[in-house]
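Down below is the structure, laid out as C-alpha cells.
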Amino acid sequence: MPLVVPHAAMPEGRLMTAASRRSASPLPTLATWALWLLGALLLVFVVAVPMDVTQQLVFSGVLFAVALAVRNRGGRVVILMMMGMSLAVSCRYIWWRMTQTMGVGSAVDFILGLGLLGAELYAFVILVLGYFQVLWPLNRKPVPLPADQRLWPSVDVFIPTYNEPLSVVRTTVLAASVIDWPAGKITIHLLDDGRRDEFRAFCAEVGINYVTRTNNAHAKAGNINAALKKCSGDYVAIFDCDHIPTRSFLQVAMGWFLHDTKLALVQMPHYFFSPDPFERNLDTHGKVPNEGELFYGLLQDGNDQWNATFFCGSCAVIKRTALEEVGGVAVETVTEDAHTALKLQRRGYRTAYLAVPQAAGLATESLSGHVAQRIRWARGMAQIARIDNPLLGRGLKLSQRLCYLNAMLHFFYGVPRIIYLTAPLAYLFFGAHVIQASALMILAYALPHILQANLTNLRVQSRFRHLLWNEVYETTLAWYIFRPTLVALLNPKLGKFNVTPKGGLVARSYFDAQIAKPYLFLLLLNVVGMVAGVLRLIYVGGSGEQQTIWFNLAWTLYNMVLLGATIATASETRQVRSAHRVPLDVPVTLYLPDGDVLPSRSVNFSTGGMAIMLAQPQPIEPGLPVQIGLSHRGVEQTLPAVVRQDRDGQVSIQFTQMSMEQERWLVASTFARADIWLSQWGQHDRDAFWRSMGQVLEASARGFGRLGGHIVDSARQGFRPRRAVDLES
C-alpha cells in the first residue's frame, strides 16, 4: 500500500545527506570561529566587570526586560539571543559565588557552603550543556522510499519479551504482522526469554517466528544478540513487547537508510497512550507534558544536529552490518541501548532521529515501578561514564562528547537536589551562613540567574516541559537515584538489569508510604525548619538578620511545595482498566440484529471495546448483541460485540469472542493506523508561568490533603506501609 508520509518530505532536488545537513552553515568556518571567539571575549568582560548592588540590578533588569520583549517572536535567532543573555546573567552569578561568597567564616559555614556551591556548579554545567544540546534542533523529515519495491531492503522485526503477560504482547505482535512492507522482505520474530508454551502456540497461530534460547545471559541485549545469529535481514527493527507499531512504521523510517550509506540507526519517539504515575496520581494526563516528552520532543532532535542521537531500545531500526561490526547490542551496561549508539558513533556511523510517533506503548503503572526504571537508567549512564567514557577515546567529535556528557551528568542530580531541599535548614537550625553575603546581594545575583534561565527554558521547552515540573520530577526521583549512580561510578559491575513491569493494575487507591518515606522525612525537616525560622524571626533582632531569615523561610516554603507534589505522586489512584482507552475519531457502522444499519463515529477504543457516537441517536438496549463495522484499506469488516451502555447517542460496546483474523483486523484499523498518534504528539499549549505555578501548587495541596487522610486512616487502622514493586537498591 502506498504511504502518505505524515510530514511533508523534501523535494528530491533538495535532498541532502545527514552529514551535509548537520554541517550546513550560512557562514564560512573561519568567520564562524571568529564570531565565537568575539562572543567569548565579550562574555568574559561582562562576567568579570565589578558592579555594586544597584548596577547589578539594573544590568540584569535590562537583560530580563529585553528577554520579555522578544520571547514571543518567532525565529531561531530570538532563542539564541535569549540563551546568550541567560548565560551572561548566570555566568555573573557563578563568578560572584566563587569569588565573593566563600569568604572567612566558621569551618561549618565553609563546608556546608562548599556543598551548596558544588550543587550550583552542577546545575550551571547542566544549563550550559542543555543550551548547547538544543542550540539548533535538526527537525529531520522522513524521506520517501523508491517507487520500485524491489529496491527496498529486507527487515527483521524483533519483539523481545521476558515475563510480560500475553495480553500485553498480543497487540504488539498483531500490529507488527500488518506492517506495510513487501511480504518477502519482512520477518517478525518474538524473542521469548520466558520460554513459555503459550507464547509458542500464539506465534504459530499468528504466523510469526518464535525464538528462544537456553539461558537469559545479558537480559534483553543478550536476547537480541542471540536472535541476530538466527536471521539475515539487512536491517533490524526493535520494539519492546508493549510498543505497538503502526502499519507505516518502516515506510517512515527506512527512507533515510537508502539516502545515506553510513547511517546505522533511525530512532523514533516512545509515545505512551496510558498515563504514567505522575499523570495519573496528579491528574495531569493530557494537561501537562509528561516526564519523557522533553527528551523525545526536543532533546533527541537537538542530538540529531550533532550526530548524537541515542538508541532508546525500542521503536528503532538498526543496520545489521553496523550492529554486527560493534559486536551486537552492548552487554557491558544496563543501558544497553545508549551504549550501543555510542559504539556505532565511535565507528564513524551516523544516527538519525525522526520525531514522528509511529508506535505507542504502556507507561509504568506505579510510582515504585517508575522509580525502579529510572534507577536502571541512572545506573547505566554512570556505568557508561566508567566503562566507555564518551569524553575519552577516539571516534567522537567534541559536539558528540558534549551531548553524551549532558546525558551522563543528568542522572547525577540526586545529591544536588537533596542539597537544595536541605540547604536553608542549615541556617534555620544552626545559624550557619552557607552563602557569605547579605540577603539583598543574594537576591540581586541569584534571582536574575533563576528568572532568566526559566524564561529562556520557557521559550525553548514550552510545548515539551512546563515550568517547575522538572523540579517535581527530580525531587521525586532524587533520593532513589543518587546512591545507584555513585555506586556505579565506584564499581560499574554492581547491579543487574531489571525488567520494567507493564500491564499491571492498581486494584484500589492507596498511599505508598514505603516509596514516600524519604520525602516524608524531608518534609518533616522542612516543617520543623519553618517553625525554627519563625522563632528566629520573633527573637532575633537586626534588619540584616531578619532579611536572611525571610530569605531562608521562602526557600523552605518552596521546598515544601515540591515535597507536597512528590507526596501526591506517591498516593496511587485506582486503576482497574486493563485495556486503556485511546481517542479515535473515524467512521464506523453499527449493525443491529433487526437489520438496522446505524452510521456512527468512534470516540475512543481499546482492545476490549469501543465508544461510538451515533449520527442519529436512538435508544439501544444494553446487552444487545451487535456487529461493529471497521474499515481498513477501504474494505469494511464486521466484528462481534455487545452493547454495554447507551448515553444520549454515545454507545459503549464490548467486543466478544473474535477469530484471529478479526482480532488482527481490529488492530490494523485502530492501533496500527498511520496517523493514530500524530494528533496527540506535541500538541500541548505553550507554557505560561502562572498556569504552571497554579498546577504545581494544586498538586502540592493534593499531596498534603492525601497525607492528612493517610495519617487519619493509619491512626484508625494501624500503620501498614505498602509497596507495589520491590526497588533495586
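Backbone N, Cα and C atoms are what each Cβ position is placed from, and that goes for glycine too.
If you draw a 10 Å sphere around the CB of D193 (active site), it holds 21 other CB atoms from the protein chains shown. In the three-state DSSP scheme, D193 (active site) is classed as coil. The active site annotation in Swiss-Prot covers D193 (among others).
DSSP assigns D337 (active site) to a helix in the three-state reduction. Cβ neighbour count for D337 (active site): 23 (other Cβ atoms within 10 Å of its Cβ, all protein chains included). Marked as active site by Swiss-Prot: D337 (among others).
The substrate binding site annotation in Swiss-Prot covers D240, D242.
The average pLDDT the prediction assigns to the domain 'PilZ' (575-671) is 92. According to Swiss-Prot, the domain 'PilZ' annotation covers 575-671.
Annotation source Swiss-Prot lists region 'Catalytic subdomain A' at 151-244.
Feature annotation from Swiss-Prot assigns region 'Catalytic subdomain B' to 321-381. Per DSSP, the secondary structure of the region 'Catalytic subdomain B' (321-381) breaks down as 31 helix, 7 strand, 23 coil.
Taken from Swiss-Prot, the feature transmembrane segment covers 30-50 (among others), and the record attributes it to sequence analysis.
Residues or ranges marked as transmembrane segment in Swiss-Prot (evidence: sequence analysis): 110-130 (among others). Counting same-chain residues at least six beyond the ends of the transmembrane segment (110-130), those with a Cβ under 8 angstroms from any Cβ of the stretch are 86-87, 90, 94, 97-98, 101-102, 402-403, 405-406, 409-410, 412-413, 415-416, 419-420, 423, 426, 432-436, 453.
Annotation source Swiss-Prot lists transmembrane segment at 171-191 (among others), citing sequence analysis.
The transmembrane segment annotation in Swiss-Prot covers 405-425 (among others) and is backed by sequence analysis.
Among the features that Swiss-Prot reports, transmembrane segment is placed at 427-447 (among others), with the record citing sequence analysis.
The transmembrane segment annotation in Swiss-Prot covers 520-540 (among others).
Residues or ranges marked as transmembrane segment in Swiss-Prot (evidence: sequence analysis): 549-569 (among others).
Annotated transmembrane segment per Swiss-Prot: 610-630 (among others), in sequence order. If one looks beyond the transmembrane segment (610-630) by at least 6 residues along the same chain, the residues whose Cβ comes under 8 Å of a Cβ in the stretch are 581, 588-593, 598-604, 636-646, 648-653, 655-656, 665-666, 669-670.
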Residues sitting near the transmembrane segment (427-447): Cβ under 8 Å, six or more positions beyond its termini, same chain?
-> 53, 56-57, 60, 92-93, 96-97, 100-106, 108-109, 112-113, 115-116, 528-530, 532-533, 536, 544, 547-553, 556
Count the CB pairs under 8 A between the transmembrane segment (405-425) and each of 171-191, 520-540, 549-569, then give me the winner.
-> 549-569
When DSSP states are grouped into helix, strand and coil, how many residues of the region 'Catalytic subdomain A' (151-244) land in each?
-> 35 helix, 22 strand, 37 coil
Give the distance between the Cα atoms of D242 (substrate binding site) and D193 (active site), rounded to the nearest whole Å.
-> 15
Under 8 Å Cβ-Cβ from D240 (substrate binding site), six or more apart in the same chain: what's there?
-> I159, P160, T172, G313, S314, G361
Write down the Cα-Cα distance for D337 (active site) and D193 (active site), rounded and given in Å.
-> 18
